[in-house]
Amino acid sequence: MASEQHLSAIKGAKVLMVGAGGIGCELLKTLALSGFKDIHIIDMDTIEVSNLNRQFLFRQSHVGESKAKVARDAVLKFRPDISITPYHANVKDPEFNVDFFKQFNVILNGLDNLDARRHVNRLCLAAGVPLIESGTTGFLGQVTVHVKGRTECYECQTKPAPKTYPVCTISSTPSKFVHCIVWAKDLLFAKLFGDKNQQNDLNVRSSNVSSSSQQTEDVFERQIDEDIEQYGRRLYDHVFGYNIELALSNEETWRHRNRPRPIYVKDIIPTELIHENGDLDKDSIIGDSSVSAMATLGLKNPQDLWSLKENSKLFFEALKLFFLKREKEIGNLIFDKDDQLAVEFVTAAANIRASSFGIPLHSLFEAKGIAGNIVHAVATTNAIIAGLIVIEAIKVLQNNVKDYRMTYCLEHPSKKMLLMPVEPFEPNKSCYVCSETPLTLEINTHHSKLRDLVEKIVKAKLGMNLPLIMHGSVLLYEVGDDLEENEVANYAANLEKVLSELPSPITGGTILTVEDLQQELKCSINIKHREQFDEEKEPDGMILFGWTQALAVEKNYNGASTSQATSLNTEEDEELQFIPTQIGKKRKLSDNFITASSDNSCIPKETKIKRKADEVDCNNGNSDYGREKMEQ
Amino acid sequence: MDGEELTEHETALYDRQIRVWGADAQRRLSKSHILVSGLKGTVVEFCKNIVLAGVGSVTLNDDRLVTEELLSANFLIPLDENVYAGKTLAELCCDSLKDFNPMVRVSVEKGALSNFGVDFFDKFDVVVVSCCSLSTKKSVNEKCRKLSKRMAFYTVDCRDNCGEIFVDLQNYIYSKKKDDETFQCHLDYPSFVEAIAVPWKSLPRRVSKLYLAMRVMEKYEELEGRVPGETSAADLLNVQKLRKELCEAHSVSESQIPDSILQRLLEGRQEFPPVCAIIGGILGQEVIKAISGKGDPLKNFFFFDAMDGKGIIEDISEQKAQG
Ligand SMILES: [Zn+2]
């Protein structure tokens, strides 16, 4: 029965795949073998070494090339008679508009991030094209079917948001290793090597001590002709010693917490030893990305747990290498998990800080996973998920609505099942994406600016790419390439205005229309003025209703390799125990939706830092450091 | 863990999966030797998975000459007679698999699987057989069991849009971590002969219908001297007759094996690539678990049917049946 009945549906179908990563490679292969003749594939990524263990269409020699194009060529070798159209591009690019989507019979997602998934969901709804969505992490995976009006859309249920941490936890009271990593990466690394104009909360401001900002700024700058060793020791003592002393002086903070221990370099590495550090000349002819402090220090295994002393040496060595080998980049660096030296520096700094706060140290391998939000990925799960996608795609093409299933791939069986099909849910009638239910926003209209609304609600929560905000017939905000200069200036000015002082004031009772022309998504927001917000519980200073953000499950980022192995198991056990118990209550099931798949990214690679513009004060800290989990 | 450390290149290449199963498991994988016999779509999928995972070696056994039908779900070989003519399936798959991961040794072993002696199997840690007769399945399994070391033995079979995996890990001990505690777990597997001898009457009433239907098909092909999968709708009457005999012998109702399933199994000669990917994926995962000693292995049958979308584990063993 397999082929004959399916064959005609398959043969005439034109399908779009979004993503040519782990799921994408498997999917393209299975589609081609199954007889699909017209496949289009979008992926903005290029091939990396760490893809090769599962993205089997790629070889070492392809590193750096477009995934979509190489995948096409590889599949044409065994099915030369089919048509595969690759796009080395971001699915959010304007060329992929509703009309583009309309030409396909079904869209198949093999994405790795929430942002792009929401974008594709909206385009599918607008174009009226069925969407098959998928995700994997480790041995877990899922496939879901979304057909407008028949089943729920991808956004009918809220998805866990990226985990964010209060700035206070990061800058002064870390209690987990991940807090130290975020500090090392988003504060220290960014301060030393990143854009100097970026705001940075590195210096703790205690309410008792007001330090001259001029003075503290100087600590981070290497003086002209300053000996690199000298600079490193000064910096080390400041961030791991003096800053901790300063924080300790605020007794209130430590009443219910363990007091950290200031660490000074003289106690860890005697002066003469630093000079024995490393052997720079040994490999002085090296390109930028291959510079490694581990190599010059003779540290071989990234899975080893290094001592405080070793981490301190690594800190100095990495710092030195940045100045000696990569000085030109200083001031423009952004942390990248594939930048060996950056990973070494962040690992070392995080471990020294962890040591100070009595938090267990981690290996570079583990630290890299946490800092880079690396998702676990294996080939087998991707292959299974790709098979399930094709099975659903064939049903969708034949319009077998009653047979549509969402399928979960489990690590431990539930009711004897490793692959568990579940009937799809009906559309959620109050979904702001697929039904036009208005949202309600509680906000202080005399205090919040239009910028806050755009950043925190329209972009962060509603996931709009190119938003347009209207009050009645007055356009308050718009983005696009085709705007006049005076419009751009006007909108820029509006952004800085308090809501109630806009040309068309937003006050309690106002109904705003927010629209994304590319996604063809339009929603109404009823504004309710509210005077006070709880800084701890409502850090945004505004609350959106009709859109409830699920609490992010705090992930354990430990690798499976060392003494920490249990964390990974625990994390997965929790997820898996969750699924079976929820079968009865179908709705809940997709709380387990995997929003990060191991595979490929169609949005620009950047670490997300949600930051409030306000001055940061520890006792009044309200900016969050967000971490989006995606493979990069 | 004993043995040398992973090289820098291995750590980089296997980074994402080491984060799943750990460096110890990766080292064990790199020292394992796997024999694979019968290279249709599902097994090709499996080979891809374990070569990517980084096992030590894969030995391929399939002397059939390549035909278009054999390639219908095979992505290793160009669908071009000029390339494949005159070569065996194993030879062609070997060239392609080597390319997937230069760190894995892939080679071909010629000869009929049923002719290999006990000693031959001693070189391997895992044996996977497919596309072979009932008697070959039985005899290879028994040979594996005669060896002093513990072998992992698997059979896999896909027909139409469903498939079956059988697992024999003999006496399998593995450790399992839960809530920071490590448990020793012990599973006792029946051999293939022992498993299929379990009286149907003693199986759970809701046992997968595919399990019973596959036993009828296997038996039918054996009695008729057919190459596995060489059946058609014309065999239905005879298969029904055999079903009646077997059901009577086991005192179960014939309704346990509906005609619809038998028809699908008889007619569905063409492999269905999505099912090959799914079964090949599950099999890959199981073999990785067995080598690495991490994770609960399945015991001892797995079935997937695209008709209902379920992937089900069935424990078909004597103790289970009595208990
Ligand atoms: Zn919806």
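Note that Cβ sites are derived from N, Cα and C of the backbone, with glycine treated the same way.
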Per TrEMBL, the range holding region 'Disordered', considering A:193-212, A:613-632: A:613-632
Rounded Cα-Cα span from A:CYS434 (Zn(2+) binding site) to A:ASP43 (ATP binding site), Å: 26
Cβ contacts of A:CYS156 (Zn(2+) binding site) (under 8 Å, same chain, 6 or more positions away): A:PHE425, A:PRO427, A:ASN428, A:CYS431, A:VAL433, A:CYS434
Filtered recorded positions, from A:ASP115, A:CYS156, A:CYS168, whose Cβ is under 6 Å from an atom of ligand 1: A:CYS156
A:CYS153 (Zn(2+) binding site) and A:ASN53 (ATP binding site), Cα-Cα, nearest whole angstrom: 33
Cβ-based proximity (under 8 Å) of the recorded positions A:GLY19, A:ASN53, A:CYS153, A:CYS168 to chain B, or none: A:ASN53
Secondary structure tally of the domain 'Ubiquitin-activating enzyme SCCH' (A:328-368) (DSSP, helix then strand then coil): 24 helix, 0 strand, 17 coil
All-chain count of other Cβ atoms within 10 Å of A:CYS153 (Zn(2+) binding site): 23
Model confidence over the domain 'THIF-type NAD/FAD binding fold' (A:4-432) (mean pLDDT, whole number): 88
For A:CYS153 (Zn(2+) binding site), the three-state class that DSSP assigns: coil
Binding-site residues compared (A:ASP43, A:ASP115) - the one with the fewest other Cβ atoms within 10 Å: A:ASP115
Distance from A:GLY19 (ATP binding site) back to A:CYS153 (Zn(2+) binding site), taken between C-alpha atoms, in Å: 19
